[in-house]
Amino acid sequence: MCKIKQCYTRWKTNKTYSKGIHIRIKKKDAPLQKKSPQEAVNIQPLSKDQEAPANKEVETEEDHWKLLYRVSDTPSILMTILFAFQMQGCLIIAGAVHMLIGLTGFVGVLLKVVGPLTVVPTLLLIGIQFDGVMNTFCDPNWGISAGTCLISLILAVYLNGWNMPIPVITKSRGFHIIRYPLQQVLAVLFAICIGWGICGILTQAGALTTDIRSKEYKTRTDAGADTIERTPWFIIPYPGQFGSIGFNSGVFIAFVVATLLSVVESIADYYACARLCHVPPPPLSAMNRGIMVEGFMSMIAGFFGAGHATTTYSNNIGLIGITKVASRRVTQVLAIQLIVCAIIGKFGAVFVTIPYPVLGGSAILSFGLFLGIVMSYMQYTDMNSPRNLAVVGVSILVGIMVPNWVKVNFAVIKTGSDGFDEFLIMLLTNPSFTGGFIGFVLDNTVKGTMKERGIAAWALDESESPDSESHYEEGIEIYEISFLTKHLKKIPWMKYLPVFPTFTSHSCRNKSNKDNKDLKNDNNTNL
């Protein structure tokens, strides 16, 4: 117990709250003295002939965002277990909240107030945040990144519509040539393989640095070779492998906020995926089912000690647009492959050897396509309306401006509670939350019709779409559970469960559609 207390005391002593630059005094009877940003700027470095006081530790401006433990650091086993405890419990409960949102049909309520003018700023600012991640991957070698991106761009975009001649041999026809857009279906894979091969050649030729401290080192194909050696052949995860489950209220609040953002993002991703798959917008039951499964799998992730939840991934939607492959069977086989790679550790470790520039270059096109899809949501709204232009413009601007300001002036946030201060700083430095919240408030407080706001188009049932047959390749039945729906129809009370295809209590949606028609008629009358 004494050792645990010592570790905890050391962690609390070293913990740097995001409260500004300060001088930390290690005396027991000396309180923590904080410096304002103006005073902190005046801190001068000590000259060579000067010595810092033994009881003081001067921090520079770069230290106020410094991590307690970096990605490559390994905390003590006791602190690792303590951190894992609170993460596991909070993730499990947040996953339960996520699941209940779908299970109770609360998504139908969200659809009445969340439209394109809320979703576009939220997702657009999420995509904009990826610039730092993309720079991290591309920075080791911009030439390799640009080449990988160019290859995928040529195969997927420039050669779109061209069918590659492929020689095949069959029993009936023997040797013959068929035409198939293979270069588009495997555009990303081809680009990764070519970029990976070029990096391998440069590594063997000695053209890349061997200095592990250099950024260029991440371009080498053997940069992660030791990971393969250190990874065991088989890794079987099981619940509780990191110890018992704990809970922390501060972490839980942060997870709940992330859960709400994830639900809004998932709703938009469902529409984006349906659009790229050329199928009708998902019905309310399908969205409820999707949100419920995301929450359930987040709970499972918490039980197994994973440090992340489960949600829709925008990059995968971009890959559907690039490859033109929307088959659910492909996704199911991919899931099996990922499970195999997770259990057989050596297989999963092989992908660590993919050079950073190759990963960055291959992701540029998919993330770029995702941002384009997000902006296309605005077509559901009236873009000639000054109201809509103001709402989306102000939301995006505030989502960029406020987080940047708070990161520099976070010391002004003082509520008297360090925990609540950190919570506010976490929210206000999140561009997607800030921009999405402003968009939500403006869209629901500034007067406008449902059609003008784009909510009417999102709530439109397939049966009410006048031109559904002209651009949809499959009908609304694609959202049914083929092996289960026919049995569910025999159970009368199943129509009241929001997550099943037999759900017919579309009171929220029908009321919304009725309101849309009434508002539209009133608007036409006023005109």
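Note: Cβ is positioned from N, Cα and C throughout, glycine not excepted.
TrEMBL: automatically predicted annotations, no manual curation.
What TrEMBL records for this protein:
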COMPBIAS  48-57  compositional bias 'Basic and acidic residues'
REGION    38-57  region 'Disordered'
TRANSMEM  142-164  transmembrane segment
TRANSMEM  185-207  transmembrane segment
TRANSMEM  242-264  transmembrane segment
TRANSMEM  333-352  transmembrane segment
TRANSMEM  358-377  transmembrane segment
TRANSMEM  389-411  transmembrane segment
TRANSMEM  423-442  transmembrane segment
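Counted over residue pairs 6 or more apart, the CB atoms of the transmembrane segment (142-164) and the transmembrane segment (358-377) come under 8 Å in at least three pairs, which marks the two as touching.
Using a Cβ-Cβ cut-off under 8 Å and counting only residues 6 or more beyond its ends in the same chain, the transmembrane segment (358-377) has close neighbours at 116, 119-120, 123-124, 127, 130, 134, 136-138, 144-149, 152-153, 156-157, 188, 191-192, 195-196, 199, 268, 271-272, 275-276, 314-315, 317-319, 321-322, 454.
Beyond the ends of the transmembrane segment (423-442), by six or more residues, the same chain brings 18, 113-114, 117-126, 128-129, 250, 253-254, 257, 261, 264, 390-392, 394-396, 398-400, 402-403, 406-407, 410, 413, 415 to within a C-beta distance below 8 angstroms of the stretch.
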